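Heads up: the structure comes next, in structure tokens.
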Amino acid sequence: CFIFFEFFVIIKQWSLFRLSLRNYQFVLAMDFAIEEINKNPLLLQNMSLGFDIYNVLHTEWRTLEPPFFWLFLSDKVVPNYNCRRESKSVAALTGPSRITSAHTGTLLQLYKIPQLTFGPFDPILSDHDKFTSLYQMAPKETSLVLGMVSLMLHFRWTWVGLFISEDHRGFQILSDLREEMDKHRICVAFVEMIPVSTVSFFPKTWSKHHQVIKSSANVIILYGDSDFLEVLMNTLREILMTGKVWILNSQWDVIRSHIHLILDSFHGQLIFSHHHGDISGFRNFIQSANPSKYPDDFYLVSLFLVFLNCSFSESQCGTYKKCPHNASLTWLPGNRFETAMSEESYNIYNAVYAVAHTLHEMLLHQIQMQTVGNGKEPCLHPFMKSIQFNNPAGDQVTLDEQRKLEAEYDILNFWNFPEGLRHKVKVGKFSPYGLHGQQLSLHEDLIEWNSRTLENPHSVCSESCGPGFRNSPQQGKAPCCFDCIPCPDNEISNGTAAVLVVFMKHRDTPIVKANNRALTYILLISLTFCFLCPLLFIGRPSMATCILQQTTFGIVFTVVTSTVMAKTLTVILAFNTPNYLIPICTLIQLTACGIWLGTSPPFIDTDTNSEHGHIIIVCNKGSVVAFYCILGYLIFLAFGSFTVAFLARNLPDTFNEATFLTFIMLLFCSVWITFLPVYHSTKGRVMVAVEVFSILASSAGILGFIFGPKCYIILLRPERNTLYGFRNKTHSMYNEVLKLNSCVY
């Protein structure tokens, strides 16, 4: 005895006069899943599944007509009366519209009929107090915002516009986007909340949107459901010829659009589509589907008549040519019908399997049929709430929203060249489960941009200021918008603090940990004081500045050189930091400075010989011998660091730091050895300028050689900043050190 369990599919806006190939793929996906299940001897033995399809008219007030007809099998609605004998109804599939699913759900829950929705996940439908029998098949979009922001960071887009539907999902995504963009200093150029109603959208806001498209933001995010995105694209198609990058969620369907897409309008946009496994048999099923196999499918017959101008029916031979025996849906134009399974079709496929597994589980437990409504039907809810299985593609499916995994996304690039191609190419993937810096993967060589150039699009409000300039915020505008004005006299632009902020922000990444965070912070703070030391040489000398000029310079640079030596020894000792090196070296310099100040400290003096006719107030160093002792001690530390770093340059250090330390100390020694003869050959204000230049040159060299490569990896190449690569290289370094030690012994 075979029992046919009927399914109820509600498809919005589907009629022969407007052939919706996207919706027809939903039907094919259901048919394919049911055929697979009915042929599977391990699932629902001695039972078969079947389904009915009902159309929902566009007007919301007629949404409940098909559910009433399905429940009571009568044009005249008689509630709670059903003469259905030959089969039992166990579940309903609704979608993709949320409104359709919500209206239907209020009716179906009265009869305890499980309802599975295949549209996008909606928080409103998750209200189990209101929808007690509704299950959503789509994954949650909790990681969509993170994926979009990661894409912006990858291409360094910091000036982005937002077109978002004015509904509860739109407001939620806007809030999440603002929060995530603020974290990464990405500015919102404009926000346009578009009413979902096409009537209210078109006449009132056209002129304003025309101005928005002319915004300097070259990247715009569009978010909404399929109906909203189709209407918005149809409305904006005349003004999209601006070379902008459009980032969309997966609900926009190019096959559904009935406008003539032109290259400048839509070519090059990026679409975030839910990643799902490949259902290998679906494409073969599509290839074999034709009217001779399914003669009762009037929609399939109509497709062959409209697109292929042929028929399998003998009665229509005089009007249409006879279709070849191998004719199939794959013969339809590729820009009109997709043979790859769409997101909604994949959700339908999983929904059918969910019902089948639930029925199978119920029968295994030999549960008696319970009375529901006015007839005897299986009660699936106790089993459906806890059902979990792997579908034929290997993906895990669960109906419990608490156990649903975060969605992974395929990043698709829309190609519309030649005109009308309408081809979506996978160019990347975003996975929230990836390691930090490896969640986003892209094949940039596959991406086609709307700008008709090979370069990646640029979207910033203001370009970064160069050396000698600083940012001046533009009043009333976002922080990303600023003017570059020259630094005032006696001031310089300083990036040391910015480097410190970068390292503190990424303190938990492998490259920062590998270089000893404590030493890194000490070095950056010391370098900050090094860059501030020249300020003591500016202005009228005083007793305090004369004393602080040389002593501060000597102590701060001692901390810098001893820290560099400690980092060098860290490479030699395989990450065992010499903790007492910096205090000991600094204490020696402090002692020397104390002796200098106690015996012959610097004092204010006058210089009448350097410039004729001028008396220059200068700082006399007091004891010249003490000054050169302090300077000689610095050169001694630098030369020692250079020697150790040079000997360790070939060790397999993870980020090649020993090599950079060698260049740093070589530069430092070169600057201060050159300083000695130049300093002695000058007088007056030129002597001060030479010392200031030497301080800045050595500080900038240390900052650039040590932290420049690391900032490059942290900010521009985060994929290299991984724990996996670090561990491999650290292990090889440790083995090399052991090998060297064994040679010594």
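Placement of Cβ uses the backbone N, Cα and C atoms for every residue, glycine included.
Taken from TrEMBL, the feature domain 'G-protein coupled receptors family 3 profile' covers 496-730.
According to TrEMBL, the feature transmembrane segment maps to 518-539 (among others).
The transmembrane segment feature in TrEMBL is assigned to 551-575 (among others).
The feature transmembrane segment is assigned by TrEMBL to 581-604 (among others).
The transmembrane segment annotation in TrEMBL covers 625-648 (among others). Through the fold, the transmembrane segment (625-648) approaches residues 550, 554, 557-558, 561-562, 564-565, 568-569, 571-572, 585, 588-589, 592-593, 595-596, 599-600, 658-659, 661-662, 664-666, 668-669, 672-673, 676 of its own chain, all at least 6 residues removed from its boundaries and within a Cβ separation under 8 Å.
The transmembrane segment annotation in TrEMBL covers 660-679 (among others). Here the transmembrane segment (660-679) has long-range neighbours at 561, 564, 567-568, 571, 631, 634-635, 638-639, 641-642, 645-646, 649, 687, 690-691, 694, 697-698, 701-702, 705-706, 709, meaning same-chain residues at least 6 beyond its ends whose C-beta is under 8 angstroms from one of its own.
What TrEMBL lists as transmembrane segment is 686-707 (among others). Residues of the same chain lying 6 or more positions beyond the ends of the transmembrane segment (686-707) and with a Cβ under 8 Å from any Cβ of it are 492, 495-496, 499, 503, 523-524, 527, 530-531, 533-534, 537, 553, 557, 560, 564, 618, 657, 660-661, 663-664, 667-668, 671-672, 675, 678-679.
Tertiary neighbourhood of the transmembrane segment (581-604): same-chain residues 522, 541-543, 546-547, 549-551, 554-555, 558-559, 561-563, 565-566, 569, 617-623, 626-627, 629-630, 633, 637, selected by CB-CB distance under 8 Å and a gap of 6+ residues from either end.
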